Amino acid sequence: MLQVYLVRHGETQWNAERRIQGQSDSPLTAKGEQQAMQVGERARSLGITHIISSDLGRTKRTAEIIAQACGCDITFDSRLRELDMGVLEKRQIDSLTEEEEGWRRQLVNGTQDGRIPGGESMQELSDRVHAALASCLELPQGSRPLLVSHGIALGCLVSTILGLPAWAERRLRLRNCSISRIDYQESQWLASGWVVETAGDVSHLDAPALDELQR
């Protein structure tokens, strides 16, 4: 059985500003750096052997901090990037026009052909993150990889493993530096292949998540 751990990047400046990131970027906040350190401590205890990260700055920095703690090399994979949010990237959510908010809500509410102008569809996102995950099956026997990616990307990955369509309503919360685990296995009681063991674990973090503070 192959265990793969999934980590969302640490809190960023644009997360705090409620700004749409997509494939644009902003640095980790001091809290985000601390979150990544706490993931690193957990990763060391889990016996992580490989770190594979999105090549965007916020995930690279998160991966670097984790790697320092567990002594792993990092491989960067652009297929783990966040959903391309097109013309809405860098915008604060509260500044969107009614039409622009409609584009964004299509992705949240589950619209099969939803796509922000200039961006990509959820199916395109799903195809590339699943391809990145499949590459883990080529790692040496006994490997225990950790993937560092993004909220929408990882939510789509976990949801589709559970059998939902890529464009399904977004109902899985993966907070900054949450840890999820998926396994590749043959089982008499579960469908063979990828299964979800845990999703969105934040028990290793010692401070409230940003979305809890913004309620």
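Cβ atoms are placed via backbone N, Cα and C, with glycine included.
What Swiss-Prot says about this one:
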ACT_SITE  His9  active site, tele-phosphohistidine intermediate
ACT_SITE  Glu82  active site, proton donor/acceptor
BINDING   8-15, 21-22, Arg58, Lys60, 82-85, 104-105, 151-152  substrate binding site
SITE      His150  site 'Transition state stabilizer'
Local backbone state of Arg8 (substrate binding site), from DSSP in three classes: strand
Please determine which of the binding-site residues listed here (Gly22, Gly151) has the lowest count of neighbouring CB atoms within 10 Å. Gly151
Students should find that the Cα atoms of Gly151 (substrate binding site) and the residue listed as 'active site, tele-phosphohistidine intermediate' sit apart, in Å rounded to an integer, by 8
So, in DSSP terms, is Met85 (substrate binding site) helix, strand, or coil? coil
Provide, as an integer number of angstrom, the distance between the C-alpha atoms of the residue listed as 'active site, tele-phosphohistidine intermediate' and His150 (site 'Transition state stabilizer'). 6
Output the one of His9, Glu82, Met85 that, of all these recorded positions, has the highest number of other Cβ atoms within 10 Å of its Cβ. His9
Neighbourhood of His150 (site 'Transition state stabilizer') by C-beta distance under 8 A, where only residues 6 or more apart in the same chain count: Arg8, His9, Gln21, Ser54, Leu56, Thr59, Leu80, Arg81, Glu82, Leu83
